[in-house]
């Protein structure tokens, strides 16, 4: 098996894997660059000497300062939570593409408002207000982009294409982690020093806004809304095939069958998917989607993203430049491992297996770091020039090892699974629910991490280590492997028990349905579909 080998659900023309589908995914993923940058830059910006001086952080007690910092960080997640819910409405009425335009505009307005903050008259309030709006923008985008990409993607590369969304997150995070190291080492601690990191937010948002005018609407959304002629044109453009090509004919028939089934079972309309929540199978998938983000945030990732100076100080790293440098290296490691996950792991190794490995390895690393802090108490050394002990160096090694386990597993895989596990009629609502869960747990972590470090110290690491172990049990018993399964077959996947064998059994069913003998018997049906397609266009 080669590095980029693909496991196809049916014979697929090479033309399907073309630059158009990758380019559309990349443009939509400017949204994740926004999210990654905002998640990464804020923690180190709050530690910039120019920022702490302008807003007089020295006048606060430790508890009051922790509360202020957590509020600045967490209002963004609160806005994102509601942005996810708003996205369900915009997705239904406006479509995927126009929703991306709308949420990029909201983000741009929020980022611009933040630039009005100062240490005198306006104070820090514009930053808080702007981060609420920016949060609404990224919350909506975090809902929309995985859906949009999954609906464009051929099944064999769906994980890889949704993974571009995760790659964009890491590119934004990499810039966010390093930018404050750059301004801190090259600029005087003036107002301009901290304004630059806030202003950079406008770049990915502007690129998403402009790019969204070029990318097409999701063909699945167009079919669901009765715009068949436009949908056919978009689908043929994305697949780089003619309307009469057998692959296009089959894909249209799959989409039509899926829409017909859910029109019959759930019904069309804005409120109909809410009524489908009465069904146990739908409730179960919503629960699974939300729990994936509970376990993801339970790994400790967002405590590190938002409060990296605090995290590294607890290990024994002192000095602003050193803390920023260590944070920047953390961003580089995440970026490299995300590329490995994107190109190989997610579509070849599968979703379940990499979640197992990531949780087990990450938990061991957290146990070691917590034990080191309990025994050595490195945080008690307040000297700026304090050197790391051999135990501290080992703790740093295990921190980066934890990053190596977490990044190619829990970082992006929950987004991939949630983008593909819901049916057409509940996909927007399901993704909204999953993304809202992500931002809810994100909010909890960002709001209480400073207080947790004050009260629990080393216990914070034991807490995250325990949650990672529990996630293994949950995934093993409750989550089926979704790799290579067509979106139209997801319902069947979640019906098969036990979940450990569901993917294997369903792929065998799909291959049986499409074996040569059955293909011959269905050839007349395909000819009829070709004729119908020709008439449609």
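A Cβ is built for glycine as well, from the same backbone N, Cα and C atoms used for every other residue.
Note that this is a predicted model, so its numbers are computed, not measured.
Positions annotated as compositional bias 'Basic and acidic residues' by Swiss-Prot: 514-531. The N-linked glycosylation site annotation in Swiss-Prot covers 184, and the record cites sequence analysis as its basis. Residues annotated as region 'Disordered' in Swiss-Prot: 514-537. The topological domain 'Cytoplasmic' annotation in Swiss-Prot covers 1-26, 153-160, 217-285, 411-435, 480-537, and the record cites sequence analysis as its basis. The topological domain 'Extracellular' annotation in Swiss-Prot covers 48-74, 120-131, 182-195, 307-327, 374-389 and rests on sequence analysis. For 27-47, 75-95, 99-119, 132-152, 161-181, 196-216, 286-306, 328-349, 353-373, 390-410, 436-456, 459-479, the entry in Swiss-Prot reads transmembrane segment, with the evidence type sequence analysis.
When pLDDT is averaged over the topological domain 'Extracellular' (374-389), the result is 74. Counting same-chain residues at least six beyond the ends of the topological domain 'Cytoplasmic' (153-160), those with a Cβ under 8 angstroms from any Cβ of the stretch are 6-9, 12, 16-17, 21, 25, 239, 342-343, 346-347, 351, 416, 419-420, 483-487. The stretch from 132-152, 286-306, 353-373, 390-410 with the most CB pairs below 8 A to the transmembrane segment (99-119) is 132-152. Of the Cβ pairs linking the transmembrane segment (390-410) with the transmembrane segment (328-349) and spaced 6 or more residues apart, 3 or more are under 8 Å, so the two regions touch.
The transmembrane segment (353-373) shares more Cβ pairs under 8 Å with 459-479 than with any other stretch in the list 27-47, 161-181, 196-216, 459-479. Residue counts for the topological domain 'Cytoplasmic' (217-285) under DSSP (helix as H, G, I; strand as E, B; rest coil) come to 51 helix, 0 strand, 18 coil. Non-local neighbours of the transmembrane segment (436-456) in the same chain are 62-63, 66-67, 69-71, 73-74, 76-78, 80-81, 83-85, 135, 139, 142-143, 289-291, 293-294, 296-298, 302-303, 306-307, 310, 314, 414, 463; each lies 6+ residues outside the stretch with a CB under 8 Å from one of its CB atoms. Contact between the transmembrane segment (132-152) and the transmembrane segment (459-479) is not supported, since fewer than 3 Cβ pairs fall under 8 Å when only residues 6 or more apart in sequence are counted.
The number of other Cβ atoms within 10 Å of the Cβ belonging to the residue listed as 'N-linked glycosylation site', over all protein chains shown, comes to 22. Across the range of the topological domain 'Cytoplasmic' (153-160), the DSSP-based residue counts are 6 helix, 0 strand, 2 coil. Residue counts for the topological domain 'Extracellular' (307-327) by DSSP state, with H, G and I taken as helix and E and B as strand, are 17 helix, 0 strand, 4 coil.
Spatially, the transmembrane segment (161-181) is not adjacent to the transmembrane segment (459-479); fewer than three Cβ-Cβ distances between them are under 8 Å for residues at least 6 apart in sequence. The transmembrane segment (459-479) is in contact with the transmembrane segment (286-306), judged by 3+ CB-CB distances under 8 Å for residue pairs 6 or more apart in sequence. Counting same-chain residues at least six beyond the ends of the transmembrane segment (286-306), those with a Cβ under 8 angstroms from any Cβ of the stretch are 39-40, 42-43, 73, 173, 277, 330, 359, 362, 366, 406, 410-411, 414, 417-418, 421-422, 430-431, 433-434, 437-438, 441-442, 444-446, 449, 452, 460-461, 464, 467-468, 470-471, 474-475, 478-479.
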